[in-house]
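Asks: Questions regarding the structure given below will be posed in turn.
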C-alpha cells in the first residue's frame, strides 16, 4: 500500500553541516532502503547524492528535488 502523507522534516549532516530536509514518508522509506542496499548510512547516501547534484550543470536547484528525482531514476523507469 502506498504511504501517502504530509512531508516530514529531518535533520541530516552533509560535509559537517546540519541541514533540514522535508520529504513525504514514502521518500524517506525509499531512501532508507537505498542506503541499506548500498551499505551506507543515510547521511552518507544523501551527501553523495548532493555532491552529484552540485557537479551537474543545470541540475536540480535544491536537495529535496534532487532526492525525489534520484529515487525516481533509481526505479529504472524509462524517460517519457
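Glycine too: its Cβ is placed from the backbone N, Cα and C atoms.
Any TrEMBL annotation is an automated prediction that lacks curation.
Okay, so TrEMBL annotates it like this:
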- 7-71: domain 'Ribbon-helix-helix' (DOMAIN)
Asks: Can you break down the domain 'Ribbon-helix-helix' (7-71) into helix, strand and coil residue counts using DSSP?
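Replies: Its residues divide into 35 helix, 14 strand, 16 coil.
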Asks: Please work out the mean pLDDT for the residues of the domain 'Ribbon-helix-helix' (7-71).
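Replies: It averages 94.
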